[in-house]
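Below is one structure, written out as structure tokens; the observations come after it.
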Ligand code: DMJ
């Protein structure tokens, strides 16, 4: 079914009925004549309208430029925009090459709705969901392919629609049916990847093609342990064969140290542990050793990028800085590689980073800035503190390294505990009117009520800490933040969270959460369902499952592509017009669906949290035995 055609823009027609055969000159004269004919009142109204449009778009655009987030390292990498405040964010990411066989999609930025809605088709203006070129139609935001068998598509749509409209939760369903729903979602996502992107980094489900980042089969590797945990043996075996026979790291390609560590090295190590198959360990050793040149810097703080074929490393073109979260969130994986290979070089390299960061000036009550210089080893762009992009997993890995090492490394624990106190003191506030607890940001002493979806890892990490003996008030805070993260979903018209929200703090506000135009996208991110998994494991409170169930239904309703795969969307605020982005991030299979499955499982021994610690890409690594 096609959505009713909509007029989502205001048209001011200054041209007359005449033809356009005299070119630009004619148009300019005609417009000027028409303008002169308007009354003073009419002209003033038009000018006022244009002025208001300019004012309205300014904050959203500047915020968007300033707020390039972690995920946008990968998703917006084609952009050449520079941030407005270069002292905060030196430059966006390295462009990712698109395969030449693919049609280039527009990578324009700016308010996504306007950008996509006004695409011309013949003489008319159509919504992107109506575009037939790529075989896509949109029905109440549910994405289906035009070339799909109609009956089959209708049946699936109505199933999703029914489910989404019965968001009473998961309580009246058996554990088996909940687990099966996640398996269905995985199979559907996998089918799309298999059909259109096999062996490539990411599926582009609408254009039925793929995108490359490193050219290393990122989605396939990220998904290996998820398939194992979900018991999808056939799919796993096929993927294993590809890894064994096709995957090679002997490639002249620049990879991001952090992303390839958490997704590739982490994915291979965890699959090795789950399966006992040494082929995965051999591959892990190969990529691990190829990443080591990143640490050859004057300060030993690693560069962001490594050429795994040439053995050379370098910072981004525009700076000699690395991101703090990136250099401090590779430790679990490198430490484990050392333990398995009995070769200390990996652990030594990442321990040196932690040692230096521990002693650095420029922290605020244990909170760290977002950048660190690879020449002098000092923090740069100081004075800005966030639990979101570029700092987030620093905090996560303090706690998790401590757990991984058997709770012996006191410095890690102290840094973590101090940072949580720092969060409470400097970043925690309540919204109005409903008093939602949220984590904002601080910029040179100025508080901003901005919270990235990425921050929603924090309830889970706090709960994990409390489970491992940290103060009980960490659990209280975890529960409050969990509620807030869920509200970020449920208060949106699609029931899916945007990338970034702003909380209202002034008395008399009518709603707690605002979303700027440029922040309305959803990238199928895992952080909220990740935290729901921890909260449910530790409390057994069924509301967390219900919440996860509702989120899954909304992913199915608004992001599922019927010809296979799921897509990120641009607009969580309009169920009729979600504006799909045509990209399935590898973490949807690596993390989001895995955490949903674990959330719905009542078996605490399925990846026991007393035996495993998840890396930041949801790959479980063993907690070291006490003799290690
Ligand atoms: C993942 O790659 C990891 O979870 C990372 O720590 C944060 N960003 C994405 C998921 O949102």
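From the backbone N, Cα and C atoms, a Cβ is placed for every residue, glycine too.
Because TrEMBL annotations are produced automatically, they should be read as predictions rather than curated entries.
Note that the coordinates shown come from a computational prediction; the quantities given were computed from them, not determined experimentally.
Among the features that TrEMBL reports, active site, proton donor is placed at 259, 499. Per TrEMBL, active site is recorded for 392, 527. Taken from TrEMBL, the feature Ca(2+) binding site covers 616. The disulfide bond annotation in TrEMBL covers 456-485. Among the features that TrEMBL reports, region 'Disordered' is placed at 69-131, 147-173. The transmembrane segment annotation in TrEMBL covers 44-61.
Checking the recorded positions 259, 456, 616 for a CB within less than 6 Å of any atom of ligand 1 leaves 616, listed in sequence order.
For the active-site residues listed here (259, 392, 499, 527), the lowest count of other CB atoms within 10 A around the CB belongs to 259. Just so you know, the Cβ of residue 485 (disulfide bond) picks up 28 other Cβ atoms within 10 Å once every protein chain is counted.
For the pair residue 392 (active site) and residue 259 (active site, proton donor), the C-alpha distance works out to 14 angstrom. Taking the Cα atom of each, residue 259 (active site, proton donor) and residue 499 (active site, proton donor) are about 19 angstrom apart. Secondary structure from DSSP puts residue 392 (active site) in a helix.
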